[in-house]
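So that you can see what the record holds, here are the features copied from Swiss-Prot:
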ACT_SITE  Lys10  active site
ACT_SITE  Asp141  active site
BINDING   Pro99, Met100, Gly101, Gly102, Gly103, Leu104, Gly105, Gly106, Gly107, Ser108, Ser109  ATP binding site
Amino acid sequence: MRTQWPSPAKLNLFLYITGQRADGYHTLQTLFQFLDYGDTISIELRDDGDIRLLTPVEGVEHEDNLIVRAARLLMKTAADSGRLSTGSGANISIDKRLPMGGGLGGGSSNAATVLVALNHLWQCGLSMDELAEMGLTLGADVPVFVRGHAAFAEGVGEILTPVDPPEKWYLVAHPGVSIPTPVIFKDPELPRNTPKRSIETLLKCEFSNDCEVIARKRFREVDAVLSWLLEYAPSRLTGTGACVFAEFDTESEARQVLEQAPEWLNGFVAKGVNLSPLHRAML
């Protein structure tokens, strides 16, 4: 039997770079919220112990894909602790709607959905804490998708505190370029010393993203989309880009602006949600 699992997008409602560690990783403070929009992952169990991704991503080797890596990591971890039946495997396919290099967390969300779904389907019985710890080895954003609640993140993104920001409507736009994260983080002009503040203080301040100035400087497409959106509503970069978003109080307001968008702007309207669609589907 084939089962389907949501793999939602996320937005960074704000993102501040507070420092850089000796190992090169940047410390940050950011606010994650999910969208009721994303990819869909389909899973069909196998009994021969094999993991097969039926919808390969162009330019990504099978074993390098985060979906396959997540499945194999769970398989090994559960098997090593005697919590996996012999022969457990899976055919996995994905209906991909989220762009790569968009700052919407697509790959991390895919990995988290696979961890949560296969833990359930294989009846491994691993806790969310265990799954989140495994997820962190796959990517800094994976744990928030595993835990499934909007969160304030610190450290390199792994220290999570659940929060409940307002669930607004967003017009999310893709400028048509992909921005590799290192391009932003290696830029010498990236702000790296934004003062650390408490969650309470940050939630009262106007939200912004320290990466935005670099993305706008290096990618004229990002600058053009943001300039257009800012004529209608508060708008920011999410993550390190390339996607940007404008926030609205109602769905109709967001859709009215999208209808006016120039032909070169690709976008969609989605609601911000504090409980991940993946976890909502499991209730």
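Any Cβ shown, glycine's included, is placed from N, Cα and C.
Ranked by CA distance from Asp141 (active site), the recorded positions Lys10, Pro99, Gly103, Gly105, Gly107 have Gly105 at the top as the closest. Highest Cβ count within 10 Å among the recorded positions Gly105, Gly107, Asp141: Gly105.
Of all Cβ atoms in the protein chains displayed, 29 besides its own lie within 10 Å of the Cβ of Ser109 (ATP binding site). With every protein chain in view, the residue among the binding-site residues Pro99, Gly101, Gly103 whose Cβ has the most Cβ partners within 10 Å turns out to be Gly103.
Taking the centroid of the Cβ atoms of Pro99, Met100, Gly101, Gly102, Gly103, Leu104, Gly105, Gly106, Gly107, Ser108, Ser109 as the ATP site, the other same-chain residues with Cβ within 8 Å of it are Ala9, Leu98, Gly239. Note on proximity: of the binding-site residues Pro99, Gly103, Gly105, Ser109, the one nearest Lys10 (active site) is Gly105, by Cα distance. Within 10 Å of the Cβ of Lys10 (active site) there are 26 other Cβ atoms, across all protein chains.
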